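Chemist: I am attaching a structure below and will ask some questions about it afterwards.
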Amino acid sequence: MTALLGAKSPLRRVAIFGGTHGNELSGVLLVKHWEEDGAEVQRTGLQVKPFIANPRAVQKGSRYIDCDLNRVFDPAHLGEEMPENSPYEVVRAQEIHRLFGPKGGKDAYDVILDLHNTTANMGCTLILETSKNDLLIQMFHYIKSCLAPRPCFVYLIDRPSLKYATTRSVAKHPVGVEVGPQPQGVLRADILDQMRRIVGHALDFIQYFNEGREFPACSLEVYRVMEKVDYPRKENGEIAAVIHPSLQDQDWKPLNPGDPVFLTLDGKTIPFDGDSTVYPVFVNEAAYYEKGEAFATTLKVTLTARSLNSSSP
Amino acid sequence: MSSTPSRGHQLDRVAVTGGTHGNELSGVYLVKHWLQNPSELQRGTFAATPFLANPKATKRCIRYLSQDLNRSFTRTFLTSKETQDGPYEVRQAQEINQLFGPKGSADAFDFIFDLHNTVSNMVACLILDSEENVFTMHMCHYIQKHTQGPCPIYLYGLPGQENYSLQSVAKNGLGLELGPQPHGVLRADVLSHMRALVACGLDFIDLFNQGTSFPAFDIVAYKIIEPMDFPQSPSGELLGFVHPQLQDKDFFPLKPGDPIFQLFSGEEIFYEGDATIYPAFINEAAYYEKGVAFYKMKKCTFSIPPLEAPEASAP
């Protein structure tokens, strides 16, 4: 699954996943709407399948039933024998793997757009899992230029120790779409509109690529994950401080050593103890309290992609 | 409960409850902090008791386990005998009624502050059942004058409807509803705002206890009319969402003809009422399941009579 695969042959099968997390409603409602009326997501020469990834969690209105679906697409879980009381999401992952994979195989779907929301003030965010996929770098570059002047950030999660086995990773070209801030269980018109636009631009890109449009070599500014920073915690595991008001809502803005990051209920400020300026993301994401992540730090990196020319079918 | 501690007694039993909904985190963390260090809740004439109202839901960071605790304080639930295998929140409501009630009796606590968050843009909302609750209306007036920012008063009681809320266990009560804050998130700004409002409410009680009388005044408050549901298909699926022009406009006037919803198809739905209303709890996550996209409120002005200082207590 390398850049060459995408750069040479047309992309024919695209899936749009909503409800990988059942309480992130923009994707859930968009996919449900497109299942009823898919006109908006049809493109010439392309098969587009809207799909609810975690229907039981969607029904319940929760992130997951037993475990996070977006963390169980690793070989161990995908290959596991399924005893009676397996976690729902592991069973579901295997089903998704059958339908849209196999991961790494030539029959896998070409692209999965996986739609998410965050409570963090991240705006429009695209998530990249590798720095070496020219097709996706070009796609993201295209989407960013369409959305401009509205900012669109690219989050690169290629660090092996921090990589997680995402639902979308069964496809050859996995695309994470993350729009916030939106509370869990809420559907905001403005956030829905932004997500809708991103999906539209992504599908347009795929169609143009397939039609042979040339995309000249480009560069893309991305934010590469460095580390996850947890809340200060008490001995019993409870959080002992809140994200500092100076950091709250400041996703993608520079955080310098010594800047305030946490505030205790006794009024004590805890400063950032890093060595250099970083760019925080997922600041105060509700779902990450249990994962021990108050925010993640990133560094700005520039990726480049070769020009793209698709051979006509 | 529309009692005034008429020519009243000092208030000496006051509780502050958080985590009535386990994922509304400002109250959860304030109460946990005060359970370790209650000094902030102490005043010259009394000390307030902090209490985590729904510990199991709080542990799981969910609104409730079986049913909404803040709807469980009706006579039916409080006197129900089938509690062993019944809903957790019914047992919990009965326990709270034992600790801070019994509701409606002379032994009930004098006052409960019940701390909540909403995802809606309600800033800092003071919630009580009725303008007839003179003592609490005076407290609201005091809080409005002594804290920063908008602080609308929300009256939730409906004629003939039994008061179902936790705060109704005590002789008087006030809900503090702060937002916007996503459920399961703790924001520093919202936390400190809630803390200031609680402090102000306790200051008011202390002043009253010390023998202060408060003169009459006129005050604006928003009285509940009815809920407005989302546009839905016959099978209950959402067909649309709160219109971008209505989103975040809690307590702004909504006139007939103003847009309220947008469907996925792009079609707009307009408000068809006869008169201007004031929407509240616009797009509150927890209310989707209750069939409420927002509550229609009527803006009223009430004349509140003076509150006389209490009788001096026996030493």
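Every residue, even glycine, has its Cβ placed from backbone N, Cα and C.
Computed from a predicted structure; not experimentally measured.
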Chemist: Among B:HIS9, B:HIS33, B:HIS116, which is the one TrEMBL gives for the Zn(2+) site where B:HIS21, B:GLU24 also bind?
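Modeler: Matched candidate out of B:HIS9, B:HIS33, B:HIS116, per TrEMBL for Zn(2+) with B:HIS21, B:GLU24: B:HIS116.
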Chemist: Give the sequence-ordered set of same-chain residues, not counting B:HIS21, B:GLU24, B:HIS116, with Cβ within 8 Å of the centre of the Cβ atoms defining the Zn(2+) site.
Modeler: B:GLY19, B:THR20, B:ASN23, B:GLY27, B:ARG63, B:ASN70, B:LEU115, B:ASN117, B:THR118, B:GLU177, B:HIS183
Chemist: Pop the Cα-Cα gap between B:GLU177 (active site, proton donor/acceptor) and B:HIS21 (Zn(2+) binding site) into the table, whole Å please.
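Modeler: Taking the Cα atoms only, B:HIS21 (Zn(2+) binding site) lies 12 Å from B:GLU177 (active site, proton donor/acceptor).
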Chemist: Looking at the domain 'Succinylglutamate desuccinylase/Aspartoacylase catalytic' (B:12-204) alone, can you tell me the average pLDDT?
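Modeler: Computed over the domain 'Succinylglutamate desuccinylase/Aspartoacylase catalytic' (B:12-204), the mean pLDDT is 97 on the 0 to 100 scale.
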Chemist: Out of these recorded positions, B:GLU24, B:GLU177, which one has the fewest other C-beta atoms within 10 Å of its own C-beta?
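Modeler: Least crowded of the recorded positions B:GLU24, B:GLU177, by Cβ count within 10 Å, is B:GLU177.
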